[in-house]
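Here's the structure we're looking at; comments come further down.
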């Protein structure tokens, strides 16, 4: 019994030992794995440049393909793009003879298992340490050529020029280069003459115009040597229809409505309410534009200039609306100066084809007053001279129309009753004539002020219509020149 247990334990130990060898129980190590193990497990270092001699330079070829534009943060001036980046260099320690290695000409290994150049985006705006890079596999050829293709979510700082917003074209750069190695250690060059835009997917807000590149060599004050980099320029043009129909068109329509304030009657207080409402609406649109644009003082966007000019024009319209309303309600307290009547009711009204009352001079009106007063008092005096038998009533003789015509004198009781009656009738007629003349004069004065306000309304309507049209056309022409 004991011997059987001994034999079984020995057999089990033998099985365990033999099972550790390749090929046992169908376990086969792939030839590619053996090759990779031979390349990487014999003192290969991922932290030292793979060169035979220290003075050797590794040339890194970079190619970048833009897939789509994920976001354009205009307020923070950051562009986010989805790209495919290809890096190619030669590793002196990853070479083999295919004839001696099962005829394998290339292998793929995780990029973290081999040395890679520290190529980064210099104008990176991503707060992640890896900068949005995907750690994919690298492709290694038997001659040591390493090709690493990876998906790269690039967030780059993009200084914007919002002058011609929303008809603007922006140029955002992607600067790729080594962070620590100078040109003598790693020479960064472009693998093509321009960036690859064949895989670009259209964006609903921006159109990709061009994707050129250039090589640049920087000299840093901190470190010796020159540091090369490849700069890809993403030139994009904004699709302006969204902003045109949501900002520009409403602004033009709203600013045109303010001209209706001069079409309303001059005595309508709603005119001021209309202009203030339009002014508030334009201010809201200006705030919307300000939230979209970057907070920069270098340039003022053209659309902001347009809104500001229209707001100033609407503010002036509000002021002149108040002025015309005040003129309309001046009343009969004081007649308009002769120069104002001639300039506005005469020349300006004829120029604007506005029908007004005839313009009279102040001298003609004074003569009319004197003739009316003298004719009335003169008739009373003549009647007293003929019918009074040489006895004159002092009230009639001194009455100039400003006193009380019905105030009887102390000597009136000595007059004949018929004479007294005729005197009262004469004074009543004079007083009635004066009241009629004063009422007509008051009505005429009020009508003059109303007509002056009407002529000014017509003038301001044409004047501000021309100003608003000039501002709008000037903005469109400037934007069209850029477009």
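Here the Cβ of each residue, glycine as well, is placed from N, Cα and C on the backbone.
Per TrEMBL, the feature signal peptide maps to 1-26.
Taken from TrEMBL, the feature domain 'Neurotransmitter-gated ion-channel ligand-binding' applies to 35-239.
Residues or ranges marked as transmembrane segment in TrEMBL: 240-260 (among others).
Here TrEMBL flags 247-474 as domain 'Neurotransmitter-gated ion-channel transmembrane'.
For 272-290 (among others), the entry in TrEMBL reads transmembrane segment. Sequence-remote contacts of a segment are chain residues at least 6 beyond its ends whose Cβ falls under 8 Å from one of its Cβ atoms, and for the transmembrane segment (272-290) they are 165, 247, 250-251, 254-255, 257-258, 260-261, 264, 301, 303-304, 307-308, 310-311, 314-315, 317-318, 321-322, 325.
As annotated by TrEMBL, transmembrane segment applies to 302-327 (among others).
The region 'Disordered' annotation in TrEMBL covers 363-394.
Annotation comment: TrEMBL describes 459-481 (among others) as transmembrane segment.
Mean per-residue pLDDT, taken over the domain 'Neurotransmitter-gated ion-channel ligand-binding' (35-239), amounts to 90. Sequence-distant contacts of the transmembrane segment (302-327), counting only residues of its own chain at least 6 positions beyond either end whose CB sits under 8 Å from a CB of the stretch, comprise 163-167, 243, 247-248, 251, 255, 258-259, 261-262, 266-267, 269, 271-272, 275-276, 278-279, 282-283, 285-286, 289-290, 293, 449, 452-453, 456-457, 460, 464, 467-468, 471-472, 475, 478-479.
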